[in-house]
Ligand SMILES: [Zn+2]
């Protein structure tokens with residue numbers, strides 16, 4: 001393992017960014033493609049064969065000693081959000097390369113083939129859909145669904161792909177078979193404050209939390225704020241405010257189960273200092289790893305809505321936007337990672353991931369694992385995102401130990 005080499009590569013890839021604050025390496029832009037090409041060259045220099053599939057996933061492969069064995073794969077992503085940070089995604093990609101480089105330096109050839117996968121379009125920033133590359137690879141997203149997507153500049157997904165010489169017509173070829181991979185592991189920054197707050201070095205992920213998302217519309221009556229007495233009002237914002245606080249308290253009540261509940265959007269109409277709000281629109285994200293706990297939040301929310309309608313004489317409609325299931329990591333690999341981390345005297349804990357990652361799609365087909373390294377102040381998707389090189393190296397070294405252990409199974 002070479003700390004300086006990893007540090008240098010992180011800096012090099014930080015230069016693949018459009019103008020703006022922090023990192024702007026948006027999916028299917030020239031700068032992101034250039035970063036992928038650079039990564040492919042680095043992999044080739046380590047004796048790997050490289051290819052880019054039709055959706056833009058990069059797959060770098062190093063043959064093992066024995067023919068016909070399934071692959072052990074490491075992977076993450078190189079695309080970023082707008083004005084994002086240096087470490088999200090990049091750590092897992094550079095980490096994979098460092099594992100292969102260090103094995104080469106030691107003259108170790110594994111029994112199984114090794115792959116590094118750079119997933120395409122992990123961030124939802126451009127098309128509103130996250131982890132597109134891994135979803136297509138595991139047959140969870142079709143060309144038909146992708147064809148309807150447009151970015152903020154009205155560029156269709158298909159046009160974005162073809163601008164990078166990729167083709168939606170061939171995406172059937174991206175899908176991989178269950179038997180191809182023996183194991184998949186993703187190394188990633190935590191993007192939350194837990195490891196840093198608890199002064200830990202490694203998080204072994206047990207499960208990826210899944211969001212349930214709702215849109216709530218409160219319909220009151222817009223009226224003059226000066227002439228409408230308090231008792232005649234149907235104030236949509238006041239009703240919505242009760243909902244916001246209720247949703248927060250439900251999240252707090254269920255927090256022992258790692259459930260969280262957030263109102264991230266609240267817009268009101270007509271919106272004037274002298275007008276009682278007639279309409280309020282809320283968007284709610286409830287997520288967790290314990291689906292029963294998450295359901296309790298939803299059920300109580302629906303009860304609250306029912307009561308509030310009568311109390312405040314407003315109409316409230318709730319629409320479910322999406323509801324996903326949490327994804328557990330492989331139990332045997334969780335224990336293996338804990339054991340390997342303890343052997344290295346890393347300060348480690350088991351934890352769930354509140355954010356989605358490519359591993360959640362891979363885990364549906366392949367035995368999968370995930371390692372977190374700390375994020376300074378828990379900040380992510382932000383130019384201030386930071387993880388020190390010592391912590392990154394611990395994560396990479398654990399990923400290497402994992403790969404060697406799985407190879408010997
Ligand atoms: Zn990421």
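Heads up, the Cβ atoms here are built off N, Cα and C, so glycines get one too.
Here TrEMBL flags 77, 88, 188 as Zn(2+) 1 binding site. According to TrEMBL, the Zn(2+) 2 binding site annotation covers 88, 123, 381. Feature annotation from TrEMBL assigns allantoate binding site to 213, 274, 287. Marked as domain 'Peptidase M20 dimerisation' by TrEMBL: 213-303.
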So of 88, 123, which of the binding-site residues has the fewest other Cβ atoms within 10 Å around its own Cβ? 123
Would you mind sorting out which of 213, 274, 287, 381 (the binding-site residues) have a C-alpha within 10 A of the one on residue 88 (Zn(2+) 1 binding site)? 381
If you measure from the Cα of residue 381 (Zn(2+) 2 binding site), which of the binding-site residues 188, 213, 274, 287 is the nearest? 188
Residue 77 (Zn(2+) 1 binding site): which of the binding-site residues 123, 213, 274, 287 is the nearest Cα neighbour? 123
Taking the Cα atoms as reference points, how far is residue 274 (allantoate binding site) from residue 123 (Zn(2+) 2 binding site) in Å? 40
Just the binding-site residues from 88, 213, 287, 381 whose C-beta lies under 6 Å from any atom of ligand 1, please, or none if there are none. 88
Determine which residues of the same chain, besides 77, 88, 188, have their CB within 8 A of the center of the CB atoms at the recorded Zn(2+) 1 site, and list them by sequence. 76, 87, 89, 90, 91, 92, 122, 186, 189, 357
Residues with Cβ closer than 8 Å to the Cβ of residue 188 (Zn(2+) 1 binding site), same chain and 6+ apart in sequence? 76, 88, 89, 91, 92, 357, 370, 371, 372, 373
May I ask you to report the DSSP-based helix, strand or coil state of residue 88 (Zn(2+) 1 binding site)? coil
Taking the centre of the Cβ atoms of 88, 123, 381 as the Zn(2+) 2 site, the remaining residues of that chain with Cβ inside 8 Å are 80, 81, 84, 85, 89, 122, 125, 191, 380
Out of 77, 213, 287, give me whichever of these binding-site residues has the highest number of other Cβ atoms within 10 Å. 77
Neighbour tally for residue 274 (allantoate binding site), based on other Cβ positions within 10 Å of its Cβ: 8
Please list the DSSP helix, strand and coil residue counts for the domain 'Peptidase M20 dimerisation' (213-303). 37 helix, 33 strand, 21 coil
Max CA to CA distance in Å over the allantoate-binding set 213, 274, 287? 37
Surrounding CB atoms that lie within 10 Å of the CB of residue 381 (Zn(2+) 2 binding site), all protein chains: 18
